[in-house]
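One structure is given here, and the rest of the page talks about it.
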Ligand SMILES: Nc1ncnc2c1ncn2[C@@H]1O[C@H](COP(=O)(O)OP(=O)(O)O)[C@@H](O)[C@H]1O
Ligand SMILES: O=C(CO)[C@@H](O)[C@H](O)COP(=O)(O)O
């Protein structure tokens, strides 16, 4: 049997799976946690990779692919050493830099959407470059190149440095200085943000072999975690994914590039040559852990509590912007609980409000993706919080349609493994791997979404 491995180096942890290259059947798994925080030394990701693969997990593996959290800025010096901790996608300090950059490009938001398929917000790499240039000039002076988390891990896995780090079109499309429409970098936008040029990783083809590990395994190009999930799920036009990890994301595939000047939908590329319009919130699974901590219960009990409450949580509405928010673009916002009375003040309603608030944000994302022209025929629910019974019960009602929950799995790592199998075989298409899952339905709950959007709109002054 030929073995391939897929790595998911995401916000909270590294997960590695080893699969049968022909069927995608998962044979071995490992994982290790990352430190908390929105700036992290990349060395921690490497240590987590080593811990996750300890004990011979990768023995006999013929090819490896790496999926990684998008947008994180890893600045390297001339020798390829990291010059500062990576600023992650959920670090909001560059919100002001984002506003400045929008104002500085002719055409503003529309100009950016046309140039690179997205409008700068704090998450995107280009805004982090501006922040470092303005706030840490001595660090900026040492930087010779900039790469993304998956580029850095992939390069670190290589036995020889070759002609330097590589990236792929999926992850490159989240930088803000690569155009999904033309497939070219925009070095002028790096200069606009950073004040000078930086070396950028070569954009490898979708199934290119970019190197070899010391153990002799071939390295696939890797990609961003959402693009890897799309590959792991074998996403087809009409499929839309709702992923509930650290971030909440909603995305589907499209043949043509998407440029949304409102900035709500980011017009990313996928890992196969298509496009992956995507909406991202900063607050998803960790809204539930925060609610569980608040109530002093484990997540399993939070689920039970939420399912004992009536839909609408007795009138409690949570705007779940605990870490600030990206969609809507409210980086300085904080969470807000509205409608508290003596009658509804109880653990069950509070628990329910957390699930409903988180899912209403994703339901808004689904509307935005649909409005961008992405057909929505089937919704697939993945990510850590898709394991929650309450999420599965409430999601179809708030998303307004049946939801397919694929069998529990690490779909980012699976997609990275599928890319590895593709690179290994050198075929035109990625190998066809089966996907199993169940559909859950619930009556639409438009009333809850209406109340949520009224609270959200009325609270704008408090949230800015
Ligand atoms: N049964 C569950 N109910 C709710 N949340 C869960 C459950 N199982 C895992 N999670 C949450 O999923 C998150 C991890 O999801 P994951 O998709 O791996 O995140 P990331 O890729 O961003 O690191 C954690 O915040 C964890 O608390
Ligand atoms: O910023 C985005 C997408 O634009 C996030 O989706 C990151 O890619 C991190 O993902 P997770 O760690 O939540 O999987």
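The first residue you see is number 1, and the count goes up from there.
Here the Cβ of each residue, glycine as well, is placed from N, Cα and C on the backbone.
Here is what TrEMBL records for this protein:
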ACT_SITE  225  active site, proton acceptor
BINDING   70, 71  substrate binding site
COMPBIAS  159-171  compositional bias 'Basic and acidic residues'
DOMAIN    4-215  domain 'Carbohydrate kinase FGGY N-terminal'
SITE      8  site 'Important for activity'
Surrounding CB atoms that lie within 10 Å of the CB of residue 8 (site 'Important for activity'), all protein chains: 29
Cα separation, residue 8 (site 'Important for activity') to residue 71 (substrate binding site) (Å, whole number): 15
Local backbone state of residue 8 (site 'Important for activity'), from DSSP in three classes: strand
Cβ contacts of residue 70 (substrate binding site) (under 8 Å, same chain, 6 or more positions away): 89, 123, 148, 171, 174, 224, 225, 226
Least buried by Cβ count (within 10 Å) of the recorded positions 71, 225: 71
Filtered recorded positions, from 8, 70, 71, 225, whose Cβ is under 6 Å from an atom of ligand 2: 70, 71, 225
Per-state residue totals over the compositional bias 'Basic and acidic residues' (159-171) - DSSP helix, strand, coil: 3 helix, 3 strand, 7 coil
Structural state of residue 70 (substrate binding site), classified by DSSP into three states: coil
